[in-house]
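Take a look at the structure below.
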Amino acid sequence: MRTFRRSITAGSVFGSRSTLTHHGRGGNLPYAVRPAGGLAARTGRRRTGAQVAAPRGAEANSALGFSAMAATNSPGTPSPHTRVEVLGNIGPNWFASVMGTGIVAVAGATLPVHVVGLRAFTQVVWVIAAALLLALIVLVGGHWLRHPTVARSHARNPQMAHFYGAAPMALMTVGAGAVLAGGPLIGERLAVDLDWVLWTAGTIGGLFTAVSIPFLMFTQHRVEPDAAFGGWLMPVVPPMVSAATGALLLPHMPAGSGRETMLYGCYAMFGLSFVASLNIIAMIWSRLVLYGTSGAARVPTLWIVLGPLGQSITAAGLLGAAAATGAVDHELAETMQAFAIIFGVPVWGFAMLWIALSTALTVRTLRRGMPFALTWWSLTFPVGTFVTGTSQLALHTHLPAFRVAAAAAYAGLLATWVLVAIRTVRGSLRGNLLNLPPSSAPVKASKDPVP
């Protein structure tokens, strides 16, 4: 057996220089991360991926199982990463890139202001999202079918398991984009049929994650008192996406009990997701108050809280509008439309508070050094749902203030999406985001010392 060593240099966020030692001949063997010059070199202990001991300043490395570091092999050292290993390192979190790209098209198509060229832009972005979704389904889904132990290992990983909710939301986001932006490209009939297929698959998958992942958390995952983070929302938000995107399909259903059942089913999923999300948001708030933020790479996940907030406003608005098309009697439809405003405006107010807090914490972390990781996609889809929710309020209230707010938020979404997309492509080409296996190590929260 031979041993070779690879050096990993982290930014200032890690607080120290670390060395990653790989023992053995193959590439799929345990890693041990230690501070350079530490005791690990003398003990000779081998650790599994779940037993990685990172220095406190290096907690971003294990955040959500995302790689936030740039790995380079020593001169003359053969790369231990095979194609199977690289695909195995691609977890369900990668579907967040489809969500973030697709929501740019959806939000642009529903924006309550006219912008020259916006329609063509949303069509191009939707095509990109659809192509990315297809590529991930073929590569990742195919790999999971051939190597089911990989999918099970992600589900048992308390940092990664929550992101199984990303795949259903990616399906439904692309499906909604087909109706809102893709119709002129592929035909309205095909766009609706495609949305039905993706919505059905996404809804089934989302209901499954909403039950199965919390069940694993309740029965198997070892959860620390300071473990709550935005990723916990990922498995329970898909039913809310089903409610919002299902409303787009209601006008394409024939009148009768089927359409009415669909409407009430969407409201049921609305409640399922919203109540579950409120519990998790309360735990995230509690963790921030009691323990502080947890890892630089995890800070962007605070923006995920905007997801259920913005998506619930969107769902309430779209369902209210769909009810007015004859799905229910006139009086009930008027009540549902009023609910879109009565519910939406207060939740929008809390969303603004969360944007202010998340912005302050993100800027604070950026100043100290926030390494790029796939968690940065948390800055896209949730903000996109805030745009769609604000657009719905603009349509229901007819207030110019909401139109301006929607346009401003969409401009911020575009800038963030371009930045994150470029960094993701660059990191993928360099291998930074693909070569390190997901970590299951807990990420400790901390606060600044009292001055």
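Cβ atoms here come from the backbone N, Cα and C positions, even for glycine.
Bear in mind that TrEMBL entries carry predicted annotations, made automatically and left uncurated.
Annotated features, as they stand in TrEMBL:
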- 94-118: transmembrane segment (TRANSMEM)
- 124-145: transmembrane segment (TRANSMEM)
- 166-186: transmembrane segment (TRANSMEM)
- 198-217: transmembrane segment (TRANSMEM)
- 229-250: transmembrane segment (TRANSMEM)
- 262-290: transmembrane segment (TRANSMEM)
- 302-324: transmembrane segment (TRANSMEM)
- 336-361: transmembrane segment (TRANSMEM)
- 373-395: transmembrane segment (TRANSMEM)
- 401-422: transmembrane segment (TRANSMEM)
Practice task
Count the Cβ pairs between the transmembrane segment (229-250) and the transmembrane segment (124-145) that lie under 8 angstroms and are 6 or more residues apart in sequence, then report whether there are at least 3.
Solution key: no
Problem - Spatial neighbours of the transmembrane segment (124-145) far in sequence, C-beta under 8 Å, 6+ residues away - result: 84, 87-88, 90, 92, 94-95, 97-98, 101-102, 104-105, 108, 151, 170-171, 173-174, 177-178, 181-182, 185
Problem - Sequence-remote partners of the transmembrane segment (94-118) [C-beta within less than 8 Å, at least six residues beyond its ends] - result: 125-126, 128-129, 132-133, 136, 140, 163, 166-167, 169-170, 173-174, 176-177, 180-181, 374, 377-378, 380-381, 384-385, 387-388, 391-392, 394-395, 402-403, 406-407, 410, 413-414, 417, 420-421, 424
Problem - Best-contacting stretch, by C-beta pairs under 8 Å, relative to the transmembrane segment (373-395) and drawn from 198-217, 262-290, 401-422 - result: 401-422
Completion exercise
Within the same chain, the residues 6 or more beyond the ends of the transmembrane segment (401-422) and with Cβ under 8 Å of it are 97, 100-101, 103-104, 107-108, 111-113, 376-377, 379-380, 383-384, 386-387, 390-391, 393-394
Problem - Close approaches to the transmembrane segment (302-324) from elsewhere in its chain (Cβ under 8 angstroms; 6 or more beyond its ends) - result: 229-231, 233-234, 236-237, 240-241, 243-244, 247-248, 250-251, 263, 266-267, 270, 273-274, 277, 281, 284, 293, 332-334, 336-340, 343-344, 347-348, 350-351, 354-355, 357-358, 361-362, 378-379, 381-393, 395-396
Practice task
Establish whether the number of Cβ pairs under 8 Å between the transmembrane segment (262-290) and the transmembrane segment (198-217) reaches at least three, counting only pairs separated by 6 or more residues.
Solution key: yes
Exercise for the section: For the transmembrane segment (198-217), find every same-chain residue at least 6 residues outside the stretch whose CB is under 8 Å from a CB in it, and list them. Expected result: 155-156, 158, 161-162, 164-165, 167-172, 174-176, 178, 223, 234-236, 238-239, 241-242, 245-246, 249, 269, 272-273, 276
